[in-house]
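Step one of this worksheet: look at the structure below.
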Amino acid sequence: MGAAMFFGCAGVAFGPALALVLLTVAAEPLRVIILVAGAFFWLVSLLLASLIWFVSVRLSDREDARLQFGLLVFGAAVSVLLQELFRFAYFKLLKKADEGLAMVSEDGRSPISLKQMAYVSGLSFGIISGVFSVINILADSMGPGVVGIHGDSPYYFLTSAFLTMALVFLHTFWGVIFFDACEKRRYWCLGLVVASHLVTSGLTFLNPWYEASLVPIYIIVVCMGAWAFFTAGGSIHNVLKCLSCKREEDSHVMMYSALRVPLED
Amino acid sequence: MITFTNNSDSEEEPCNERTSLMSAESPPVPSYQDGLQAPEAGEAQTHRKRRTGSGRSPSSAANGSTSGSSLPVRESAQENEEEELTLKYGAKHVIMLFVPVTLCMIVVVATIKSVRFYTEKNGQLIYTPFSEDTPSVGQRLLNSVLNTIVMISVIVVMTVFLVLLYKYRCYKFIHGWLILSSLMLLFLFTYIYLGEVLKTYNVAMDYPTLILIIWNFGAVGMICIHWKGPLQLQQAYLIMISALMALVFIKYLPEWSAWVILGAISIYDLMAVLCPKGPLRMLVETAQERNEPIFPALIYSSAMMWTVGMAKPDAAARGPSQQMWDTAEDGRVNHRSPLHSNSEILETRTPGTTHPVTSLEELEEEERGVKLGLGDFIFYSVLVGKAAATASGDWNTTLACFVAILIGLCLTLLLLAVFKKALPALPISITFGLVFYFSTDNLVRPFMDTLASHQLYI
């Protein structure tokens, strides 16, 4: 415990998110606004889900542990569904904003594309979801103490951090896939995203049996990542081209010389 | 917040700004005025208008219409362009305000979480005379409402007093008042703050070092805020004094009173800025009539200047180069008139490229930054700081309030771009902040805690 645990877990949980934000979002004001607004939408969804859970707990028998756990499961499921609902609402808002921006811009094109908005909104959901899940745990990890004295897993902090990182990635990928699915009206994609979110959340119920929860979740992350990559327009060809670092000068030169000829006439 | 125009130092032309006023608030001794100025997309237009000789200062929609009447032909074309510029630069202005607000909140939250002093109860201010140590809930609620009434009345009285002073041109008095208040903040409160921080980390410091540090800090702060200084240094000082003031409020306002005061002050702000007879509105209108810049010392400004070419020997830049410059006195107004630009150029820093001088003074396409009154900073930080102090060690509440305030600010700026007139900055943000505070503390926290105890993720 202590600073080492804190910084280590914080780095694991938020390192990729921080890198993504610094490299892709921080420079553009519009993306920062979309990031913060996405966080707001997620918070509202969490608020509603907590309200539902709170009311259900109040109305139920506090002593019954099984019932309480059942209500927790119910609350988690409701929360997942509400998150996806608010993701859809955010999609609607961003679509409208996109049209508005396109209208007032000088060349009729919006300064930010819907795909970029999808990515940033997914990232924002991921970051705020991760932060809300793990920040109190991180704060506790700074202080003194030993984990797992009463028989719980001693890897609590580390696995929490890894789960958070997975969640950040997942939300980003889900954002990309979701927006694309809404745009192209592929409802089966939407259903799959919601289902995978429910499955992921359900897998965390297997904690502390980490082999059964972390490994499948990371498999889901990789699958979703690949799906989002192909949805966003990536392909094997792109990857190879990027890796080979070849420059496309030839075609430009040809175009330029093709343009020059008429002028010199 | 009321924004004042200080004419004693406005050498150059009147500030052609779209000023939007923000929440009004006058804390104990100093009166902190806030003002939010609209993105200066209109600035470019008015700048051109000025060159054609109509030197008006559009301070609000009213002004926009008056200047419109003088140049009807160009108005429509300019308005479209204005619209575009406003929305195009709107996002940049939002970020230019997000950053300082975030910094102020970070300072306050970091202090609250680490320094015990600001969360200990050590008496109350005389502005909240009723104690909250009563056993019954009803009595406590009543006391907090009474405290709020007292506090708001004090603020109203001081605001009206300030407006009257301004109306009757008692500029020296206002100057003196503001100097006294910033002296107190920069020296006394900083001394206390430094003392508490040193105590927390058990660091010893001898008096000569302390005097040296405090003296330098305070003196440079006074110069930066009330006179001239590099823009970023001035911004940093304004953020620091807002944070200090917010910490004082967090320490000395009793719990329930603080929340009720936050709510009441947003309502007051709304009324003071939007009602026809509101003191802030009267202030703006008076400033407009006199063609004076709004009082600069208590407004945070994020001015950015894009110059196309300047006739000055140094710091001339071709193309859009961001020159941050600032003189505290002229309220981030266009520093265009060549006579006075010299003094400003001295303070100019050109972080970007500096190109060789052009001898022609071309059109300065200028974009003014946005202005936000310090009272807004203070109350935002009070909300987040109180959330950090009292939310049972929970970081989720603090973060939720933080996001809520940022979104409120974003929405306010959006409304500003739409309405192009003075708007209060507190209501939307504080409403969101309060809603999120109470709901996160009471609903979300148990939910997330229960989930975390089973290591469930949603």
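Heads up, the Cβ atoms here are built off N, Cα and C, so glycines get one too.
Record features (TrEMBL):
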- A:6-25: transmembrane segment (TRANSMEM)
- A:32-55: transmembrane segment (TRANSMEM)
- A:67-86: transmembrane segment (TRANSMEM)
- A:117-135: transmembrane segment (TRANSMEM)
- A:155-180: transmembrane segment (TRANSMEM)
- A:187-210: transmembrane segment (TRANSMEM)
- A:216-240: transmembrane segment (TRANSMEM)
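Distant neighbours of the transmembrane segment (A:32-55): 21, 25-26, 71-72, 74-75, 78-79, 82-83, 85-87, 89-90, 93-94, 112, 117, 120-121, 123-125, 127-129, 132; these residues of the same chain sit at least 6 beyond its ends, with a Cβ under 8 Å from one of its Cβ atoms.
Within the same chain, residues 31-32, 35, 119-120, 123, 126-127, 130-131, 134, 137-138, 141-142, 157-158, 160-162, 164-165, 168-169, 172 sit at least 6 positions outside the transmembrane segment (A:6-25) and bring their C-beta atoms closer than 8 Å to a C-beta of that stretch. Counting same-chain residues at least six beyond the ends of the transmembrane segment (A:155-180), those with a Cβ under 8 angstroms from any Cβ of the stretch are 5, 8-10, 12-17, 20, 84, 87-88, 91, 94, 114-115, 117-123, 125-127, 129-130, 133-134, 137-138, 141, 147-148, 186, 189-190, 193, 196-197, 200, 204, 207-208, 210, 213-214, 217-218, 220-221, 224-225, 227-228, 231-232.
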